[in-house]
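**Student:** Copying in the features that Swiss-Prot gives for the protein in this structure:
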| type | residues | note |
| --- | --- | --- |
| BINDING | 8-15, 21-22, Arg60, 87-90, Lys98, 114-115, 183-184 | substrate binding site |
| ACT_SITE | His9 | active site, tele-phosphohistidine intermediate |
| ACT_SITE | Glu87 | active site, proton donor/acceptor |
| SITE | His182 | site 'Transition state stabilizer' |
Amino acid sequence: MARLILLRHGQSAWNLENRFTGWTDVDLSPAGEAEALAAARLIRDEGLDFSVCHTSMLTRAIRTLHLVQQELDRLWTPVRKHWRLNERHYGALQGLDKRETAARHGEDQVFVWRRSYDVPPPVIAPDDPKHPVHDPRYADVPPDVLPCGESLEATVARVLPYWYDAIAPDLMAGRDVLVAAHGNSLRALVMHLDGLDREDVSRLDIPTGLPRLYELDAALRPVSYRYLGDPAEAEERARAVAAQGRLEKN
């Protein structure tokens, strides 16, 4: 039976500041570093291991993975980095404070941008310096496939080819796999694994720094899945993700 661990990166500096991050390359906060180390201990306490790792091209996911590997004395484990595991691209929203954006555009509009399945955020132009076409880490990616703002639907379409081309073959070969990625790229994988529809995945929240363990049959269908650690903590962290972008009530 193959095992797959999905891990959202620890809290980032912009998670802490409640900003839309997307493809902006920010680092972990001190709390995020602690979450990554705690995730490693949860994996160790369950007696789990992994023989190959996958992550995105963004620092917060890469550093989360490295902290887990270091804590578990697994820095030698092969790692594959790929842009298809990057966070959803939030277009012109990247860098904006979520609550300030809600105050300006309304909570309902921000909810649609964040949680709807097929509505993209306002996009950025290809000549914008923040467009990924200008980032050297994507120099080998065809410019016409680099996003300028994505819906969750577009994120799913971007992520799933990597599942079929890289992650699934590792699992089919009998390797236990750790994927350290982002809230929306992981939502795409969970949607596929759990057979969620667009309404279900729109309500799905992935907490930072908590490993989600899947046990998969020979056809890579889930036999079981759960968050490691305290289920109440997983629910609390997921609620915190859902609350982002809401205005404070007086």
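Any Cβ shown, glycine's included, is placed from N, Cα and C.
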**Student:** Which of the three DSSP-derived classes (helix, strand, coil) applies to Arg8 (substrate binding site)?
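**Tutor:** Arg8 (substrate binding site) sits in a strand per DSSP.
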**Student:** Could you check what DSSP calls Trp14 (substrate binding site) once collapsed to helix, strand or coil?
**Tutor:** helix
**Student:** Looking only at C-alpha atoms, tell me how far Gly183 (substrate binding site) is from the residue listed as 'active site, tele-phosphohistidine intermediate', rounded to the nearest Å.
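**Tutor:** Answer for this pair: 8 Å between alpha carbons.
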**Student:** In whole Å, note down how far the CA of Lys98 (substrate binding site) lies from the CA of His182 (site 'Transition state stabilizer').
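**Tutor:** Checking the Cα atoms of His182 (site 'Transition state stabilizer') and Lys98 (substrate binding site) gives a distance of 18 Å.
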**Student:** Among all the protein chains here, how many other CB atoms are within 10 A of the CB of Trp14 (substrate binding site)?
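**Tutor:** By my count, 20.
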**Student:** So which one is it: of the recorded positions Arg8, His9, Lys98, which has the fewest other Cβ atoms within 10 Å?
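**Tutor:** Among the recorded positions Arg8, His9, Lys98, the lowest count of other Cβ atoms within 10 Å belongs to Lys98.
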**Student:** Gly22 (substrate binding site) has how many other Cβ neighbours within 10 Å of its own Cβ?
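**Tutor:** The answer is 25.
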